[in-house]
Amino acid sequence: MDDHLSAKEVAKDSEEPEPNYRGIRAMPFIIGNETFEKLGAIGTLSNLLVYLTTVFNVKSITATTVINVFNGTTNFSTLIGAFLCDTYFGRCKTLGFSTVSSFLGLLVIALTAVIKKLHPRHCGNEAVTCEGAKPWQKAVLYVGFGLLIMGAAGIRPCNLAFGADQFNPKTESGKRGINSFFNWYFFTFTFAQMVSLTAVVYVQTDVSWGIGLLIPVGLMFFSGVLFFSGTKMYVKVKASGSPMTSVAQVLVVAFKKRKLSPPDRPWLSLFNYLPPKSINSKLPYTNQFRFLDRAAVVSPGDEIRPDGSSANPWKLCSMQQVEEVKCLARVIPIWASAIIYHIPSVQMHTFTVIQALQSDRRLGRTGFKIPAASYVVFQMLGLTLWLPIYDRLIVPPLRKLTKKEGGITILQRMGIGLVLAVLTMLVSGFVEEKRRHIALTKPAIGTSPRRGAVSSMSAFWLVPQLATAGLAEAFMAVGQVEFYYKQFPENMRSIAGSLYYCGMAIGSYVSGFLVSVVHHATAGVASGNWLPEDLNRGRLDYFYFMIAGLGVVNVVYFLVCTKWYKYKGDTDENGSVD
């Protein structure tokens, strides 16, 4: 009877129908959802610093810290979202829940602007002191932040993978469709940023905060309608359980067997088993982190099933499992270098905006003032203009010269990005030094509310630092995503996708910590506070140079890590398997 049922189950599994891949027909729903979701979210978040300082009367330093903590928590939450998606809910359900959560978060924040009782009384330009927000008003605002964090936790690590799920990876047309989807994904992402940082930000700052924040709400609502209207045609990959369980098993078993002597020829004597249906590529043995090898040492009492698998993975792991954990362990030091890299990027969205507020933002003689938050668009232009040049004009000759598919290795690409991040801070420091000097020595063109004199230096002098930051992102950020994707085991790619955001999260936290420490440490010194409310009385340039110094140390650390690093599974790219 048991044999009959077993055969029946096997037949049922083998007759499981192939998913009905809709591919290109599903793209409008997913791409459209992505576009309007980004238009809505970025339209609110890109100008959040200005909103806090002008509507909620929050001081610039406090607002910068709040933004850093919010960004850090948002990005770090993607790790939790990826875990819940892979383990319990699957990508479609996770995206559906997260879309609703993001919509509600944007709605709550918009209501704090529309309903007068939900924000403090407006503070005029000439006011010396301003009424701060009441605790319950802040609570409503933070509820909106919390809902946005929950939404980002599911959307950011799942969107790309869910789109790729709609194409059959076993066919040539499916593979081409996946590549096309990635191209359109990044195009719409950039398009959304451009529109949000120009049109939406302009409405918020120059027309009405209420209208400007309700526009993203409407866009997010349309995003949700578009996503849910395509649910019947989506390929929905079921949650397969958390791959982190295997990682935990290796660590636990290695600790339990820590007193065992490591084998002389581990590549021959360790327990070697790979499940037949595993999506992970088979990995060869490597000599690094040899203390983990004990998890695959067969000891008395360890049982092995007839099919060759371990009867109890919490007592005996396979060499494949051990090597997968080694892959993660090798990536972590490289990932750590990205934390310092993200600090300059954070400044482009915080202090650069404040610099713009105290610079001449007039466009020619028209009298039109470019919104301070809109200058960040030059960072995106630096990224989007460079990528096609790099891909079409730089990579082909490099490929012929180096014989490498990408022209240079992934780690070399990341290293260039780290150097450019240092250059970004140096340029930022010199520009701020010039802006401050002009503000103190030449007549001001006006006064920034609750700050100080507006320098007659054109805010377009901020473009070089923003463009350099965009170039750094084109190398380091894109390189990171590719690096994690290729170096993680295949069943951990959702976790790999969230790792980039986790680096951004810690970078935001570290940036907030540095701002707080420097602000308080320099408050009582003779030379004056580096980061006061009025930048003309501070030394923001010193702060930028300090971050550049940290970046130099980080580049040295990264070079040491790259000398030690071994690429996963092959010897094609500066990696050798011992």
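From the backbone N, Cα and C atoms, a Cβ is placed for every residue, glycine too.
Going by TrEMBL, these are the annotated features:
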TRANSMEM  95-115  transmembrane segment
TRANSMEM  139-162  transmembrane segment
TRANSMEM  182-203  transmembrane segment
TRANSMEM  209-228  transmembrane segment
TRANSMEM  370-390  transmembrane segment
TRANSMEM  410-431  transmembrane segment
TRANSMEM  499-522  transmembrane segment
TRANSMEM  542-560  transmembrane segment
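By the count of Cβ pairs under 8 Å, the stretch nearest in packing to the transmembrane segment (139-162) among 95-115, 209-228, 542-560 is 95-115. At the 8 Å Cβ cutoff, the transmembrane segment (209-228) and the transmembrane segment (95-115) share at least 3 close pairs (sequence separation 6 or more) and count as touching. Outside the transmembrane segment (370-390), and at least 6 residues removed from its termini, the chain residues within Cβ reach (under 8 Å) are 46-47, 49-50, 190, 193-194, 197-198, 201-202, 204-206, 348-349, 352-354, 356-357, 361, 363, 459, 462-463, 466-471, 473-474, 478. Non-local neighbours of the transmembrane segment (410-431) in the same chain are 334, 337, 341, 344-345, 347-348, 352, 355, 461-462, 464-465, 468-469, 471-480, 482-483, 486, 541-542, 544-545, 547-548, 551-552, 554-555, 558-559, 562, 565, 573-574; each lies 6+ residues outside the stretch with a CB under 8 Å from one of its CB atoms.
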